[in-house]
Amino acid sequence: MPKVVLAYSGGLDTSVIIAWLKENYGYEVIAVTADLGQGEELAPLEEKALQSGASKIYIEDLRKEFVEDYIWPTLKAGAIYEGKYLLGTSFARPLIAKKLVEIAEKEGAVAVAHGATGKGNDQVRFELGVKALAPHLKVIAPWREWDIRSREDAIDYAEARGIPVPVTKKSIYSRDRNIWHISHEGGELESPANAASYDMLMLTVPPEKAPDQPTYVEIGFEKGIPVSINGELMDSIGLLEKLNVIGGENGIGIVDMVENRLVGMKSRGVYETPGGAILVYAHRELELLTLDRATLHYKEQIALRYAELVYDGVWFAPLREALDAFVDNTQRTVTGTVKLKLYKGNMMPAGVTSPYSLYDEELSTFGRDEVYNQADAAGFINLFGLPLKVRAMMEKKAGLR
């Protein structure tokens, strides 16, 4: 019997896909779950997958690889999609695709399958990953084939086959969770006119319910990578988990946004990224201290393109690798500590230090002129403004002004 390897989350979509693949393709279904830091959500998945009809399930602990090979490079790049989204779902998909391919080759499978809808970005991210790593594998996307047209239909399908699902018709949210974030879509969020109900939050308290006293936290970085909290060296997983707790308690990292999907439509989601928001803010503060103006400004342009690549699922591509090389070069001096003040959803710098600081107090303050002769500024301004002067003279001569 041919085998298919399914990216299995245990949620509504992939729960019904197991039965659907067996009924419509006659395949043996092997479920693969990537442990990216979902926590307690993973506990019932083995039993659930087997009860749903899978022949076996792999639950792979990919947390370390996820943080160090996917999150940290994106953090160093400063990549943020459309100024708000910290890419928590986006950079998880290429890693899942990579693991699907590895297990498909190990099992001798002829196909891989996923539960992404035909309207979303994830179908692109999964399938680009497979095309880049194993173009010979068939990819099955049930949402593009079956007669199920809504989550309500999927619930009916599951209930008719005795498949347990974690949602009801009255409370339907589509969620994606990993060690970096949790996303919420669906329900009242489908209308941008509706205020989000913060009852949905799982990692973060609403800012108004955060402590009335500020919390201070100090992050240590080595070459752009976070390595310590309040002076304590920590492994990557422990560091991010601890910052999630600290940020969550202080209402940090809640984003409600309407974004432009790759497939051409807009969508709305609420994202919780408490630890990630702290790291992005702290990393930026350290770069402001340690990078020269030209490099910093050019890197901002790179960050926009990097964010698009990650969002679009083009992770396994020469351009992303080339951009990583540029970013890594810029991070050689991004070493130091950043102290932040957290208060009711807000962050403020409370002290930044680095052995590679480019801030020179003698140059920056109004002290003596031995180091910086202010009279030199006149010549600089004359030369810097020369193109403006020449154009103004031309316009006057030509009667344009």
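Placed from the backbone N, Cα and C atoms, the Cβ positions cover glycine too.
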Just to be sure I read the record right: Ala7, Tyr8, Ser9, Gly10, Gly11, Leu12, Asp13, Thr14, Ser15, Gly115 are listed as binding ATP in Swiss-Prot. Which of Ala34, Ala79, Ala134 is listed for the same site? Ala34
Write out the long-range same-chain contacts of Asn121 (L-citrulline binding site), meaning residues 6 or more apart in sequence whose Cβ is under 8 Å from its Cβ. Thr89, Ser90, Arg261, Leu262, Val263, Tyr311, Asp312, Gly313
Among Tyr85, Ser90, Asn121, Arg125, Ser174, Ser183, Glu259, Tyr271, listed as contacts of L-citrulline, what is the widest Cα spread in Å, to the nearest whole number? 19
Using all protein chains shown, find which of the binding-site residues Asp122, Ser174 scores highest when you count other CB atoms within 10 A of its CB. Asp122
